[in-house]
Amino acid sequence: MVLIIFHNTSTLALFLFFTANLLLCFVPSISELQRVGHPAKADGSLSFLVVGDWGRRGLYNQSQVALQMGVVAERLDIDFVISTGDNFYEDGLNGVLDPEFNESFINIYDSPSLQKQWYTVLGNHDYRGDVEAQLSPILREMDPRWLCMRSFIVSTEFTDFFLVDTTPFVDEYFTHPKNHTYDWKGVLPREEYLSNLLKDLDSALRDSSARWKIVVGHHTIKSAGHHGVTKELEEHLLPILLANNVDMYMNGHDHCLEHITSADNQTQFLTSGGGSKAWRGDIRKWNPEELKLYYDGQGFMSLQTTPTNADIVFYDVFGNVLHKWSISKDLDAAV
């Protein structure tokens, strides 16, 4: 049994608000992936931030990025935040009582405008700790903003988000883990886990009638950064995205901000991994016609959508706009 003590009525109200919404929003789906509902604004729009690779107790400019996220979140009146993983460095959480949850999350993202739901995926560093701790409802009781599952769907009025557990795809973590120990409970047998995940994702994407389909994972598919292309995702995940006309793939893993397009398909590849420590000057060669942005510093991304438009903006650690990109869809066009 966990005893939660609220020191003021506003904290209690926030907890009750998020708890009630989560209980109402978990709805059954024909897919095996859990589905969470999130309402759009009254005018039909949706605004959110995306940040990844952040949990360093405020160091490496994490606190400064969080401050600017709060400024932008207030201006855009965001609905939620998406975390692209590597939530706690260097080795995830060691349990539900690990003080790093407070020191790297609760105490850092404390702006009033960031007191919204956080939808979170796991990164490879998270798998080096106690994975079940991040998935535990105990963390949601400690801070009702927190929602982390291995793979799940967030459905809004016209946009579906498919959050995918990408770490188990990477062969290196199994064959050459170096000095790291990974928590594979819930993943083994690996082949069955990945097969079911890909099947469920493909089914959910095919069944989705959303105007915008956005897939979120920790690892890169296309990147000119330090890690580059994740060949396992290129082989197994990318064909499903392309076959189902996914509009965007968002990821972290490379500690940079990045936007890659392709002449062969509509999918935008968006890296938001600048939540804290960045890798200055670490860039690979890439077709300049496809590489719309590469920024080797800290920052984050925002996205605003309506049924017909999506506006992507990247910001640096000072809140300066680095890059903008807009996508339009005909309201009468087939999804």
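Positions of Cβ are set from backbone N, Cα and C atoms, glycine also.
Unlike curated entries, TrEMBL annotations are predicted automatically.
Here is what TrEMBL records for this protein:
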type	residues	note
BINDING	ASP53, ASP86, TYR89, HIS255	Fe cation 1 binding site
BINDING	ASP86, ASN124, HIS218, HIS253	Fe cation 2 binding site
DOMAIN	47-256	domain 'Calcineurin-like phosphoesterase'
Those binding-site residues listed as HIS218, HIS255, and which of them has the most Cβ atoms within 10 Å of its own Cβ: HIS218
C-beta crowding around ASN124 (Fe cation 2 binding site), within 10 angstroms: 21
Whole-number Å value for how far ASP53 (Fe cation 1 binding site) lies from ASN124 (Fe cation 2 binding site) (Cα to Cα): 10
Rounded inter-Cα distance in Å - HIS255 (Fe cation 1 binding site), HIS218 (Fe cation 2 binding site): 11
Cβ-Cβ neighbours of ASP53 (Fe cation 1 binding site) (radius 10 Å): 30
Number of other Cβ atoms within 10 Å of the Cβ of TYR89 (Fe cation 1 binding site) across all protein chains: 23
Additional residues around Fe cation 1, ordered along the sequence, whose Cβ is within 8 Å of the centroid of ASP53, ASP86, TYR89, HIS255: GLY52, TRP54, GLY55, ARG56, GLY123, HIS125, GLY252, HIS253, GLY273, GLY275, SER276, LYS277
Spatial separation of ASP53 (Fe cation 1 binding site) from HIS253 (Fe cation 2 binding site) - C-alpha basis, Å: 7
C-alpha spacing of ASP86 (Fe cation 1 binding site) relative to HIS218 (Fe cation 2 binding site), in angstrom: 8
